[in-house]
Amino acid sequence: QVTAKTAFLFILPQYNVSVPTADGELIQYHYGLKDAVTILFYFFIAIILHAVVQEYILDKINRRLHLSKIKHSKFNESGQMVAFHLTSVIWCLYVVVTEGYISNPRSLWENYPHVYLPFQVKFFYLCQLAYWLHALPELYFQKVRKEEIPRQLRCIALYLVHIAGAYLFNLTRLGLILLLLQYLAELFLHVSRLIYFMDESNEKVFNYWAVVFVVTKLFTLTLYILVIGFGLPRVENQALDPERGNLFSFLFNNILFRMSVLLLVCLFQASVMWRFIHFQLRRWRVYWNEQSSRKRATGTNRQTRPFRRDWGYYENGVVKVENGISPRTRKVKFP
């Protein structure tokens with residue numbers, strides 16, 4: 001029994017409470033320091049799963065493709081991201097549908113703060129934190145190039161801040177929808193990269209990712225405005241109450257603070273869209289330059305060589321030079 005209790009501490013989420021409902025009692029969870037033990041356990045599980053995907057799937061594909069060293073590293077990165085994002089999108093979509101967050105958007109801010117979480121919501125957040133923490137030592141295990149490390153560290157840090165912030169500040173419902181949109185766009189990006197590495201002529205697959213990226217960013221911005229601008233300011237309990245987890249609603253009652261947050265969100269999304277547009281313009285410019293170069297090369301090859309007149313005279317249909325010596329003979333074709 002002692003071993004079982006210790007194992008449950010690592011495997012299952014802690015801090016369960018019985019919340020009274022109209023139909024009886026419902027078991028829900030809140031967060032605490034013991035969550036670090038659970039995150040540590042799934043941290044090692046994530047490392048093992050990462051190695052399994054690499055050994056039994058990605059390495060076998062790489063042996064057949066014979067990619068260069070740089071493409072090999074990018075292919076492994078995208079392959080791991082496809083496995084993770086596909087699993088997370090399916091899992092996150094199942095959670096938000098079963099909990100009714102999509103069918104009832106008001107639930108994103110009603111009854112805030114959302115201190116008590118269903119089992120599947122808390123477990124999802126713990127696994128997400130474990131995965132992105134495991135990505136730090138994987139930078140060493142995967143022997144990532146030094147010039148790629150700052151980019152990946154920024155990506156990992158942004159995900160950890162977003163997920164941990166939503167979890168600790170009781171904004172888990174909003175965080176789930178935002179993660180679903182972000183992971184969906186990232187899934188299309190890495191799938192497009194894998195297809196491109198397998199066949200470099202399939203550049204058009206990035207166009208599908210571009211459409212999904214723009215749509216998800218528009219939904220993200222709309223969701224921020226809906227929840228922060230209109231939802232949280234209407235929460236009934238606007239007083240600061242750390243014991244109940246009410247940490248933000250009293251701030252959103254201040255219109256200056258609310259507009260400042262929305263302005264920062266809009267500026268951040270605008271910077272993301274600007275980098276995306278700049279990337280697309282650069283990609284299209286390279287594409288059209290390659291097409292122009294191919295057309296010019298094709299036009300040059302199709303040009304016929306100019307006819308070089310052989311000065312001399314003809315004798316029995318054979319060209320003879322004036323001095324009577326010809327290193328090679330050529331028959332004249334007559335119509």
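Heads up, the Cβ atoms here are built off N, Cα and C, so glycines get one too.
What TrEMBL says about this one:
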TRANSMEM  39-58  transmembrane segment
DOMAIN    73-287  domain 'TLC'
TRANSMEM  79-103  transmembrane segment
TRANSMEM  153-170  transmembrane segment
TRANSMEM  176-196  transmembrane segment
TRANSMEM  208-235  transmembrane segment
TRANSMEM  255-277  transmembrane segment
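The largest share of C-beta pairs under 8 angstroms with the transmembrane segment (176-196) comes from 79-103, of the ranges 79-103, 153-170, 255-277.
Averaged across the domain 'TLC' (73-287), pLDDT for the predicted model comes to 87.
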